[in-house]
Amino acid sequence: MTAAVALLDETGDESAITLRSVARRVGIAAPSIYRHFPDQPTIMLAVVQQAFAEFEAQLRTAVNAAGNDPRQQLFACCHAYLRYAQDHPERYRTMFGGLWMPALHDTSITANDVATLGDACMHLLTQTLSDCIATGQATSTDLRADAVALWLGLHGLAHQRAVTVTYPWPPDIADRIITTLAHLTTT
């Protein structure tokens, strides 16, 4: 798996991750890799699953380091989201771009394999928002919808920062998005 992630990080191109390129990278004969990965999409699925595990760990670490204040935990989670996208642009693009995903009938991957990608991350964001609501720090009346809106706002900002790098982003734009979409109360 390390070889596939390294290829993605080095090339920035998920199409560079093939059964042959991964086998070559780890120094085994190409047919040997079929025991572990029957086709290229299964390698990519493993890469994406690993990336989401790293992403969740980064979010969780940020939340845990933020102390006991739910508002600070939410900001920490959201800023960790944006930091991951900035620090690992190839992985982030692959995780959320979906270009690696073929039609399910053309691969050994099933709908169940991809159904829960990112769920743990979304759950953590939802929980931090729920804690803000429970402590009166947010006025959301629809936790699920507002958590999704916040997730999409973060994704949009991460994407735009990646594709419009010369734009003079306001320094507090992330905090404005978080405050607005999470319905945070003024402090």
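Note that Cβ sites are derived from N, Cα and C of the backbone, with glycine treated the same way.
Database features, via TrEMBL:
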type	residues	note
DOMAIN	1-55	domain 'HTH tetR-type'
DNA_BIND	18-37	DNA-binding region
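Each residue of the DNA-binding region (18-37) gets a DSSP state, and the totals for helix, strand and coil are 12 helix, 0 strand, 8 coil. For the DNA-binding region (18-37), the predicted model reports an average pLDDT of 87.
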